[in-house]
Amino acid sequence: MLKQRTLKRVVKASGIGLHSGQKVMINFLPHTVDGGIVFRRIDLDPPVEIQADSLLIQEAFMCSNLVLEDVKVGTIEHVMSAIAGLGIDNLIIEVSASEVPIMDGSAGPFIYLLMQGELHEQDAPKKFIKILKPVEALIDDKRAIFTPHEGFQLNFTIDFDHPAFAKEYQSATIDFSTEVFVYEVSGARTFGFMKDLDYLKANNLALGASLDNAIGVDDTGVVNEEGLRFSDEFVRHKILDAVGDLYLMGHQIIAKFDGYKSGHALNNQLLRNVQSDPSNYEIVTFDDIKNCPIQYVHVA
């Protein structure tokens, strides 16, 4: 039986909030079977918990925010992507502010931290959401589409008419597995345009943004001295974002995902469209690990 996963032990770290610019503590704690992914605001008294649920998502500026009444946890997509990449089902994430720390702008640091906690199998079957028929979400010329597929394939295309974005590197496809995610996707950093930064900071946004946690792009190209980690790092990061956004449905999805200029809002709308009709999907488990179309890292 393919089993649910959590961590063996608590892992603690800290980083800078992308928008606040303040230090944020983040702790990863084991969670119970079928507990799902839960964010806990420990800076509040009493602490407030918010389930990682697509129906609680509100988009802020270029990030996904979980909102429960007047409490939010923002910039969750990179840590959610790492959790999905390792196949973790149940986890409590404590944060000391209203946003998850940005780390280096990728999911790589979160992969490292989670592995320090050691993956632990639980005595319950791992659940998957299998898409049974095509579902789409459209906004203007942007689109996000699920079609039935034996596995989890992500095809993504961005469209930037800019010297930094070579045409041949604006599309990418991956067949999702832990190995592919860790080595080919998790290190791809978020990116932004330098011309937007002054405006954002004037509006108390992106106060923590720097070339240590993002790829900066000016009128001619990439500003970072080290350049890109991958020739197609921009589109790989959009895949990273999509993996995190789509994991907010509560379980790993079995389907093909096609995104064209899709962002957090459209990815979330796609999940809502799936959930609007129960005939769009079914919950499946695998008694034999060999029958699972998605390969995860082995748990010792």
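For all residues, glycine too, the Cβ spot is worked out from N, Cα and C.
Given the structure is predicted, the values throughout are model-derived calculations rather than measurements.
Among the candidates HIS31, HIS78, HIS120, the one that Swiss-Prot lists alongside HIS237, ASP241 as binding Zn(2+) is HIS78. Spatially close to ASP241 (Zn(2+) binding site) yet at least six residues away along the chain are GLU77, HIS78, SER81, GLY263, HIS264, ASN267, judged by Cβ distances under 8 angstroms. For HIS264 (active site, proton donor), other Cβ atoms within 10 Å of its Cβ number 22. Look at the binding-site residues HIS78, HIS237 and count other Cβ atoms within 10 Å of each Cβ; HIS237 has the fewest. Shown in sequence order, GLU77, SER81, GLY105, SER106, ALA107, ALA188, ARG189, THR190, LYS238, ILE239, LEU240, GLY244 are the same-chain residues outside HIS78, HIS237, ASP241 whose Cβ sits within 8 Å of the Cβ centre of the Zn(2+) site.
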